[in-house]
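First the structure, in the form of structure tokens, and then the observations on it.
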């Protein structure tokens, strides 16, 4: 792997070299500023819906520059920047290699890797790896990244599969494929080597994220743990697509994802490392079992009461309350609650060629008609008595509710809202302010 040499110390006195940002290295600062300006502000064109043009990324030049700086300084900011560039360029394997390099540096040089903490405050380091959750430069690019390029079918990506299965709407003039054609192309002998390599890199990427999470958990006592829900989601979708076409590659993955102990024993040939053991032993927020919508509401109320009582300044209080209010609400109500300024523009497009769609007015009418005729039988299950006296207990409740809705109501926005609440729980006021205030106001 290209980054293998990074685990070697730069020098005995400074294992990770100097912090080029902190010392004001002009070449580093100029490069990072320029690279940031080269990243797109949105991935999909606002008018046409066309994705970002990968040709705008000069990977050779960018990776040479980043490699030169990494030789001088082991800096997570450089690796997360390259990860975003690789994603934008549609390079799944290279993106995974960046994740693995990040995990390796954090695991070996936690005390020395840049950016360091400020008197125990790891906000900057947390935010550095947090950019891997960015939809514009990571999540959407990975959806559009080609798994294979076929002479007949063209590029095959997760995006093509989502459109083919009806989970995403095609834009005008977008080339669409049949589901069977996608599966057969990925299954073909001619693409076996590439598909094997992509699948292996996705599995390695999952392992790297787990290591990063665990090192942060251990190093900050769970106070600055990053959240990778979106990234894990898209990597998981990519892997599931490949395993649908190639069931021979799927053996053991579901069990490994569900059981940290099981994956620890498979990723190291039976020898469990201390990092993987720590991941397996990490307090699992999902340990709180939520089995009904009524129980979910009660669990969130308990978490909400904890924040109102003990951490009233946390944005998590607002988000948990909003999530609780969304339980049992239809799509229309969710859009109005979460996107009040844009809800009226929402529509469900059935056939864009003839203008067949349900606008917000039509959707409201359908919901009202359903509400008038529906017979809502009360849930007969017994509701547990939830209580949260600590942040960890509140997190356990929140995670349990999120897991419940991901399982029984995948279309619910509640897991997304709660995921954001979890992330805010470990942030300082300064980092919260940076996210809440518009960039212009911050400048």
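Our numbering is plain: 1 for the first residue shown, then up by one each step along the chain.
In case you wondered, yes, glycine gets a Cβ from its N, Cα and C as well.
Caution: TrEMBL annotation is automatic and unverified by curators.
Among the residue ranges 249-269, 270-290, 291-311, 312-332, the one that TrEMBL annotates as region 'Disordered' is 249-269. Taken as a whole, the domain 'ImpA N-terminal' (8-133) shows an average pLDDT of 95 in this prediction. Shown for the domain 'ImpA N-terminal' (8-133): DSSP residue counts in helix, strand and coil, namely 71 helix, 6 strand, 49 coil.
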